[in-house]
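Below: one structure, written as structure tokens.
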Amino acid sequence: MTAILERRESESLWGRFCNWITSTENRLYIGWFGVLMIPTLLTATSVFIIAFIAAPPVDIDGIREPVSGSLLYGNNIISGAIIPTSAAIGLHFYPIWEAASVDEWLYNGGPYELIVLHFLLGVACYMGREWELSFRLGMRPWIAVAYSAPVAAATAVFLIYPIGQGSFSDGMPLGISGTFNFMIVFQAEHNILMHPFHMLGVAGVFGGSLFSAMHGSLVTSSLIRETTENESANEGYRFGQEEETYNIVAAHGYFGRLIFQYASFNNSRSLHFFLTAWPVVGIWFTALGISTMAFNLNGFNFNQSVVDSQGRVINTWADIINRANLGMEVMHERNAHNFPLDLAAVEAPSTNG
């Protein structure tokens, strides 16, 4: 008997690298999207931490009145933020090498653009990596589709809104009080609370929280009893056991009697699709609403008050909202302009002399 030994050619370094990147045996899957995700998110995180601690004040309104946002310049965790790039920069791409010096780059809020653009690229790649790992494992792609909702929301406030408004200075600041300031100004300028897409987002988030709590508590309560009536049902289970502990028939029966029969799912896949779709679709709509309001297609307005036969205004809640919006609008960027756009649009009276 003759044995023929064939010498295998050793795999190239590039081939081994490709196999390692796409291997599902790694403790953490990297993937081709991960090759871009890792450096972009590390960059965004590193610059965020450094800037939050030590960045000098930024001339956000482009009027030579810098606003402090970092901890070393007098802020705390609540008031601190990465201040958006200056209105003097607008939508220009503003990397470090475009500035005359690092001091100028910091003064004009360069870190904000750097963080936001790297962050958006990173989370988009994270979404792609979710799809990629699902594909390698033969799974369906809906995990990445669900994650597209927060990605769309982040893209709306950090990129689409500044594009629509003409400047990165209108983007959401990266901090707690900065986020609230963004929300208040957004309401003042766009009446977002009266936009149907925002209403759908509120229903999606609050409804999703309710359904998640209902589902979790129902599953936790619907135990397959392994014990007698004289001892606790909890005694029949070990934490993390492999055996099934949840009886969907019992859960369906309970919930069907608590509300009514057809309010309860008897199919696990239908139930979990609903739990996924409700908040995801709601947040999609909110992101779409932000993206349309970016171009000043705003929420409903009731600028024409209700009047009686004598022409006197009959105050409604709409008038209260209008007055609140005007109050918020005159208070923001108060040194950049003297009047909000609503008031400044009125033709000035002529004067004699």
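Placement of Cβ uses the backbone N, Cα and C atoms for every residue, glycine included.
The annotation chlorophyll a ChlzD1 binding site is assigned in Swiss-Prot to H118. The secondary structure of H118 (chlorophyll a ChlzD1 binding site), as reduced to three states from DSSP, is helical.
According to Swiss-Prot, the pheophytin a binding site annotation covers Y126. Y126 (pheophytin a binding site) falls within a helical segment according to DSSP.
Within its own chain, Y161 (site 'Tyrosine radical intermediate') has D170, G171, M172, I290, S291, M293, A294 as residues 6 or more apart in sequence whose C-beta sits under 8 angstroms from its own. Secondary structure from DSSP puts Y161 (site 'Tyrosine radical intermediate') in a helix. Swiss-Prot lists Y161 with the feature site 'Tyrosine radical intermediate'.
According to Swiss-Prot, the feature site 'Stabilizes free radical intermediate' maps to H190, an assignment based on sequence analysis. Remark: H190 (site 'Stabilizes free radical intermediate') has M293, N296, N298, G299 as non-local neighbours, by Cβ distance under 8 Å and separation of at least 6 in sequence.
A sphere of 10 angstroms centred on the C-beta of S264 (quinone binding site) encloses 18 other C-beta atoms. Reduced to three states, the DSSP call for S264 (quinone binding site) is coil. Under the heading quinone binding site, Swiss-Prot lists H215, S264, F265.
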Env. residues of quinone site, Cβ within 8 Å of mean position of H215, S264, F265 Cβ: M214, L218, A251, H252, F255, N266, L271, F274
Packing count at F265 (quinone binding site) (other Cβ atoms within 10 Å of its Cβ): 19
Residue pair H118 (chlorophyll a ChlzD1 binding site), H215 (quinone binding site) - Cα distance, angstrom, rounded: 36
Most crowded position, judged by CB atoms within 10 A, among H118, H215 as binding-site residues: H118
Cβ neighbour count within 10 Å of Y126 (pheophytin a binding site): 19
Integer Cα-Cα distance in angstrom, S264 (quinone binding site) to Y126 (pheophytin a binding site): 34
